[in-house]
Structures are given as C-alpha cells and as structure tokens.
Amino acid sequence: MCSKIPGRPMQISHGSFWLTLTMETPNFTHGSAPLSESLRQRSNNSAEIVLPIFMFAGGAIGNLIAILVLSVSRQEKKSSAFFSLVRGLAVTDLLGTCLASPLTIANYIDQHVLRDRLVCEFDSFLLLFFGLTGLSIICTMAAERYLAICCPYRYQRWAVDRRFAQKFLFFIYISHILFCCLPMMGMSRSELQPHGTWCFIDWKTPEPVAAAYSVLYGAVSLLLILGTIVLNLAVCGALLMMRRRNVQRAVTRTSVRQRWRELSSAAETQMMAVLVMTSAVVLACSAPLVVRIFANRFQNDQKADLTAIRIASLNPILDPWIYILLRRSLFRRLLSLSRRCDSSSISLPLTESDLLCPKIMKDHVLTQLMCNANIITHLSTSARFPPYNTEILCET
C-alpha cells in the first residue's frame, strides 16, 4: 500500500520534464530562431555602421584641416583665382559630408529613416547636387589654368582674380541647386535603392520625362568629365611646346637663368600638381556613377550601383589630403632638395635643358612638364618681355 507524504515534491524524470516543456511551449523546436536571427542582424548592423562613421569622420576632419591650411598661408591668399576655387571645392566636400553622412548613419540605426518620402528626396538631392558641383568646380579649375597658360593676355583682360572666382562659384551653386531640385518639382522621382541605405533618382523608369532627366544629368556630368580631361591635356601640350621652343632657341646661360627666374615659380608648379591630382581623384570617383546612370537604361545591376555610389563617397575623403600634402612649404623643400642634389653631382657643361629642368626632376614626366610651366599670372605688372617672348606666348 502506497501512501503520499504531504509536502514532498513529486519527482519528475528528465524525459517527462522535457516532454512537459515541449507541450507547454509552442514551436519549441524553432522558438529560438527569431532570437538568434535578431541578434545576428544587430551584430551585422553594428559592424556595417562602423564604415559610414569612419568615412564621415575622415571627410569632415580632412576638409576642415584643408580649409585651415588654405586660409592660413599667405601665399595661397595671393594665389587668387585658382586657390579660391580649391577652397570652394573643399567647402563643398565638407558640406556634402556633413549633410549626407548623418542620414546614412541614422538609416543604419533605424531602417525607417529613408523610407520617409521627404527624407529620401532630400538625400537624393544631396547626392545629385554635390556630385555635379564637384565636377563643375574641377572643370572650372582646369579652365582657369588653361587661360593662365595658353591665353595669358585674355586671362589678364578678363581680370580673373579671387573675386571673379567667387562670383563663378556662386553661379555654379545657384544653377546646380535649381537643376537638382527638378526631381522634387515632379520632373523625376526619387526612390530608395534596393540596398536600403541611399536614395537616388529612378534611373530605370520608362516615363519619358523622368528618363530624359536622368539622361540629361548623366550627359552634363559626362561633358564636365570630358572637358576637364581635354583642358588638362591642352595645358600639358602647351607646356611641352614651350619647352621645345625654349630648347631650340640658342641663348646664353645668363639669359636662360633670368627668364627662368621671371617666368617660373614654385607656386605654378604646385598649382599644376594640385590640379592634376585632384582631377584624377574626382574623375575616378565620379565616373562609375555616371556610367551606371546610362547603363541602368539597358541593364539592371544592383551590386554595380552600390559599388558606384560607394566609390563616389570616397571623393570628399581623398580630396582634402591632396591640398594638405601638396602644401607650398612642402614643394619648396622638395625643390631645395633637388637643387642640393643637382649641385652635389659631377659638374658638367650645362645646357639650356639642364637649366630649365634639373636632372633629378627629369625622371618623372609630370614633374618635367610642371617644371617648365612658364606662366605669367603671378608676375608683377612692372615685368617687361622682349618682342620675341611676346610672339612666342601669343603663338602658344
């Protein structure tokens, strides 16, 4: 005869315990799946948000340092038009980074941020505006150097100075704001891209007006890219022609030194280096997105679109370090170092080519072009040229 002792807990075997827990818990086998999936998603989001934060910090800090470097130096202030455009590009990159990156970071935290229609249209406007403005400023910088080198008298007649550059920058900002606001006015439609982290115009729409706007935007960007390349090639060609004419002319050693002292300067060499390096970075970062604008009319590739916008976002991060590294003081140190190395070498009869360009600088084609940049934009008004010099400059 079995009797139950009061207060004694009933013993449950391990098998019956798990059976009871399984019966009382719905979907026991898959009940931990949503939890593990949510934890995995949170870890992925936390890992992905590190890159936008790092890019935002790099772009903001770099452009602030670049603006400070360009503003403090006295020589850059005297460089008027060109360095006014460089400062304008640095300010543009800083504004683009500070306005667009917080939206991306906020969308990583809350994926419903860019799902709002107004926020998505604003994000699309930022990408359209700052991408096109950067290309326009780079093309303007190339045009300014072309006028200064190939058309110096027209450059002086038009009074291309700091004030002229500032007015042209204002014209670029106003015209591009109006052009990039057209999608908000109904000419096109902005939509959240498949990856869910950025908004852009609907470049796959069959609507004629919206398709025309996307093609027009891509055509304007492509023209700016081609214009920059053509102007830079024209400048390099003009410098090569100048060098050939200088080498062919038989002049004394003293006159060559005098002309080099009058017509050449480290400032012009730095300008050419900044222009070439900045153009290469901007074009390399902007070209993939321009290609995708046309390619999406025929083929849909979401992975290529995401790669193109990520490459474009590197532009405001890389640009400022060009201004920082190619400072005037650094260029002077490099030039002084080249002179010391050249003076310490074996003394041989100097030719005109050796005077115009040190041997240590002939190893690089770009440096060889820049060291022969005979530009008169920074000469004083009291400088006078012989008649043969004037004819040569007019022919170039």
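Sequential numbering from 1, following the chain as shown.
Each residue, glycine too, has its Cβ placed from N, Cα and C.
Residues or ranges marked as transmembrane segment in TrEMBL: 49-70, 82-105, 125-147, 168-186, 215-240, 271-295, 307-326. TrEMBL lists 62-323 with the feature domain 'G-protein coupled receptors family 1 profile'.
Using a Cβ-Cβ cut-off under 8 Å and counting only residues 6 or more beyond its ends in the same chain, the transmembrane segment (82-105) has close neighbours at 49, 52-53, 55-56, 59-60, 63-64, 66-67, 70-71, 76, 113-114, 119, 122-123, 126-127, 130, 133-134, 137-138, 140-141, 144-145, 148, 162, 165-166, 169, 197-198, 271, 274-275, 278, 315-317, 319-320, 323. Non-local neighbours of the transmembrane segment (168-186) in the same chain are 84-85, 88, 121, 124-125, 128-129, 132-133, 136-137, 140, 201, 213, 217, 220; each lies 6+ residues outside the stretch with a CB under 8 Å from one of its CB atoms. Long-range contacts of the transmembrane segment (215-240) within the same chain, counting only residues at least 6 positions beyond its ends with a Cβ under 8 Å from a Cβ of the stretch, are 128, 131-132, 135-136, 138-139, 142-143, 145-146, 149-150, 179, 201, 272, 275-276, 279, 282-283, 286-287, 290, 293-294, 297, 369-370, 372-374, 396.
Through the fold, the transmembrane segment (271-295) approaches residues 79, 82-83, 86, 89, 131, 134-135, 138, 141-142, 145, 203, 214-215, 217-218, 221-222, 225, 228-229, 232, 235, 301, 304-305, 307-309, 311-312, 314-315, 318-319, 322-323, 326, 331, 366, 369-370, 373 of its own chain, all at least 6 residues removed from its boundaries and within a Cβ separation under 8 Å. Beyond the ends of the transmembrane segment (307-326), by six or more residues, the same chain brings 55, 58-59, 62-63, 65-66, 69-70, 86, 89-90, 93-94, 96-97, 127, 130-131, 134, 193, 198, 200, 270, 273-274, 277-278, 281-282, 284-286, 288-289, 291-292 to within a C-beta distance below 8 angstroms of the stretch.
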